[in-house]
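K.L.:
Please read through the structure below; I'll follow up with questions.
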Amino acid sequence: MSLFDHLEELRERLFISILAVGAAVMGCFIYSKELIMLLEAPVSSQGVRFLQLAPGEFFFTTIKVSGYCGILLGSPVILYEIIAFILPGLTKSERKFLAPIVLGSSILFYAGIAFSYSVLTPAALNFFVTYAEGVVESLWSIDQYFEFVLVLMFSTGLSFQVPVIQLLIGQVGLVSGDQMFSIWRYVVVGAVIAAAIVTPSTDPLTQLLLAGPLMGLYFGGAYTVKFIGK
């Protein structure tokens, strides 16, 4: 294919990706109130009330939630279009390695989001509610609440990509599995620091709940790199 043909194919695949994400965003916007009620569930039983502090704040919040959820639902299409574009230029061995990487990355990303929703988010919000109990009433801005929840969920999903990065650098030959195990002390410190950066909350409980799985994922990735190296 000529350069013009490659650019034309890239344009078509970008258009399909944008169309898929746009359709997903529109679908999520139609059910935005149901999505918001689902995301409010971690604190709905603890007496927290949500306020609209400015005209149109709830409307723009529904757009934000629909955008995040639309990108999440449309990401498989985006990933497929990227793979379909680069696949013809890969060798046979690279194609064999690409499939488990893509599958593992997708599973880990969605697992990170599920872990954040079911464990991290309730733990962080429960800490804030319990800490303020008996002193102040929990009246939260609807926009700031969803900013907190969505950032925490997506950042956790991205942080769960650690084993994928390890497999990539291990496959290239930059680092071996034994070398990854040898720096475990730095990994423990790094996981705690990364958890503090990724989590938008400042409570130590949420940071430790994220640091634990990050360390587990790292050691699991190191073992996989070592096993493949054999």
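Note: Cβ is positioned from N, Cα and C throughout, glycine not excepted.
In TrEMBL, annotation is done automatically, which means it is predicted and not curated.
As listed in TrEMBL for this protein:
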TRANSMEM  12-32  transmembrane segment
TRANSMEM  65-90  transmembrane segment
TRANSMEM  97-120  transmembrane segment
TRANSMEM  148-169  transmembrane segment
TRANSMEM  181-199  transmembrane segment
TRANSMEM  205-225  transmembrane segment
K.L.:
Relative to the transmembrane segment (148-169), which of 12-32, 65-90, 97-120, 181-199, 205-225 accounts for the most Cβ pairs at distances under 8 Å?
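P.N.:
Going through each listed stretch, the top one turns out to be 97-120.
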K.L.:
May I ask which of the stretches 65-90, 97-120, 181-199, 205-225 has the most CB pairs under 8 A with the transmembrane segment (12-32)?
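P.N.:
Top-ranked stretch among 65-90, 97-120, 181-199, 205-225: 65-90.
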K.L.:
For the transmembrane segment (65-90), could you work out the same-chain residues 6 or more beyond its ends whose Cβ comes under 8 Å from its Cβ atoms?
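P.N.:
Sequence-distant neighbours of the transmembrane segment (65-90): 9-10, 13-14, 16-17, 20-29, 32, 35-36, 39, 98, 102, 106, 109, 113, 146, 150, 154.
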